[in-house]
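A.B. asks: My questions all concern the structure below.
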Amino acid sequence: MGPSVAPHAVHTIANPGVSAAGLVAADHAVAAAIADEETRQRDSIELIASENFVSRAVLDAQGSVLTNKYAEGYPHRRYYGGCANVDAIEDLVIARVNQLFGSAYANVQPHSGSQANQAVFLALLAPGDTILGLDLKAGGHLTHGAPVNMSGRWFKAVSYGVDPETHRIDMDQVAVQARQHRPRLLIAGGSAYPRIIDFGRFRQIADEVGAILMVDMAHFAGLVAGGVYPSPVPFADVVTSTTHKTLRGPRGGFVLTNDANIAKKINSATFPGLQGGPLMHVIAAKAVAFGEALQPEFGAYAQAVVENCRVLAQALADGGLTITSGGTDCHLAVVDLRPFGVTGNIAEQALESVGITLNKNAIPNDPEKPMVTSGIRVGTAAGTSRGFGADQYREIAGLVLETLHAVRAGTLDAAGQEINKSVRRLAASFPLPY
């Protein structure tokens with residue numbers, strides 16, 4: 001008789017399948033942090049120009065079961081099975097974005113605006129090629145050739161600036177730089193430029209020197225969609241953008257062109273060149289946002305964004321601050337704080353302490369370091385989504401000025417609580433839809 005074998009111990013273990021518990025029950029730490037962020041958004045005034053409030057429908061799409069689906073490739077040419085539903089969604093979002101902007105071809109897979117720009121670089125440039133873009137110090141973007149960015153490391157980056165008096169793009173300088181350096185790629189667009197860009201003149205300069213013209217409309221795409229800012233699509237060889245900011249969609253990017261050859265190269269550069277599987281839950285949310293932007297009321301929203309920003313900028317100027325370029329044509333304004341003797345980083349911290357969020361920002365030819373700055377950037381896309389109008393933005397300007405005066409006088413500790421009460425009262429009068 002062989003040795004006895006002890007029976008296997010019986011262990012009671014949890015079901016190894018995926019949990020059906022909601023977030024609060026499953027992960028209190030994450031749920032608590034999200035709840036705190038919901039409170040912050042609900043009770044504060046958002047002036048960050050690159051932020052917005054999406055609709056409940058956009059949130060629902062992004063939080064859907066599409067999170068589970070892999071879909072490498074493009075509609076009807078995938079490397080995975082089970083893609084019929086995501087193919088339908090991606091077909092829809094491409095059709096909608098082309099309808100929205102009057103373009104012939106679109107790639108909606110870039111995970112961000114930066115990756116949309118990288119897709120253009122990979123598709124149309126070779127390492128060492130020359131690119132010409134707006135200087136970061138004049139309101140440009142990191143991805144337009146800043147030395148700390150891959151665009152400034154992989155390519156020979158040259159910049160143009162703004163007129164030192166008007167703070168508007170110096171188109172004569174653009175032409176001079178283009179003739180001297182003969183860039184392969186000429187870039188128009190930026191992250192802190194408040195004026196309308198002359199796309200026709202950029203097209204002329206690009207044609208003169210044989211450059212490809214790329215327009216990065218990440219900041220003003222929603223204004224283009226709403227008909228209150230000129231469209232770059234008829235002028236540019238390729239257009240990139242984010243889907244958030246003024247477009248009021250999820251965080252992501254896209255690329256547009258009317259050139260079939262460029263479109264093919266952009267597709268190959270995006271996948272497999274830069275990315276693997278697309279984020280289909282985000283792409284679904286993009287479809288929802290583009291559908292919303294196609295509605296007539298979105299034009300009224302875009303118009304209100306611009307009008308509100310002009311009111312805000314003028315009220316700040318009336319209070320003694322300087323608005324670079326003398327005003328704004330879009331959703332953002334850059335404010336020079338030097339008349340108050342306050343730096344951008346101090347202003348950002350002080351305003352956040354009373355419930356107003358914005359960002360420190362360099363002014364043209366700023367003498368301060370990037371983490372200090374002489375200015376702040378303000379925007380009206382988010383507040384306008386909330387329902388703020390001209391009266392509210394005049395009040396907000398007053399709260400900003402009151403806070404900065406308190407900083408200068410050293411009385412913020414005493415004044416801050418009352419300012420925050422005013423902020424919370426105003427925010428409560430215009431609740432978020434979720």
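Quick reminder: no glycine exception, Cβ is built from N, Cα and C everywhere.
As listed in Swiss-Prot for this protein:
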BINDING   Leu136, Gly140, His141, Leu142  (6S)-5,6,7,8-tetrahydrofolate binding site
MOD_RES   Lys245  N6-(pyridoxal phosphate)lysine
SITE      His244  site 'Plays an important role in substrate specificity'
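Please situate the listed features within the shown structure.
C.D. replies: Here Leu136 ((6S)-5,6,7,8-tetrahydrofolate binding site) comes close to Leu142, His144, Ala146, Ser159, Ala362: these same-chain residues lie at least six apart in sequence, with C-beta atoms under 8 angstroms from its C-beta.
Residue environment of Lys245 (N6-(pyridoxal phosphate)lysine) contains 28 other Cβ atoms, counted within 10 Å of its Cβ in all protein chains.
Sequence-distant contacts of His244 (site 'Plays an important role in substrate specificity'), defined as residues of its own chain at least six apart whose C-beta falls under 8 angstroms from its C-beta, comprise Ser50, Glu51, Asn52, Val54, Pro250, Arg251, Gly252.
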A.B. asks: To the nearest Å, how far is the Cα of Gly140 ((6S)-5,6,7,8-tetrahydrofolate binding site) from the Cα of Lys245 (N6-(pyridoxal phosphate)lysine)?
C.D. replies: 16
A.B. asks: What's the number of neighbouring CB atoms sitting within 10 A of the CB on Gly140 ((6S)-5,6,7,8-tetrahydrofolate binding site)?
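C.D. replies: Within a 10 Å radius of the Cβ of Gly140 ((6S)-5,6,7,8-tetrahydrofolate binding site) lie 25 other Cβ atoms.
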A.B. asks: If one looks at the chain holding His141 ((6S)-5,6,7,8-tetrahydrofolate binding site), which residues at least 6 apart in sequence have a CB under 8 angstroms from its CB?
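C.D. replies: Looking at Cβ-Cβ distances below 8 Å from His141 ((6S)-5,6,7,8-tetrahydrofolate binding site), excluding near sequence neighbours, one finds Gly133, Leu134, Gly189, Gly190, Ser191, Asp216, Ala218.
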A.B. asks: Look up Leu142 ((6S)-5,6,7,8-tetrahydrofolate binding site) in the DSSP assignment and report helix, strand or coil.
C.D. replies: helix
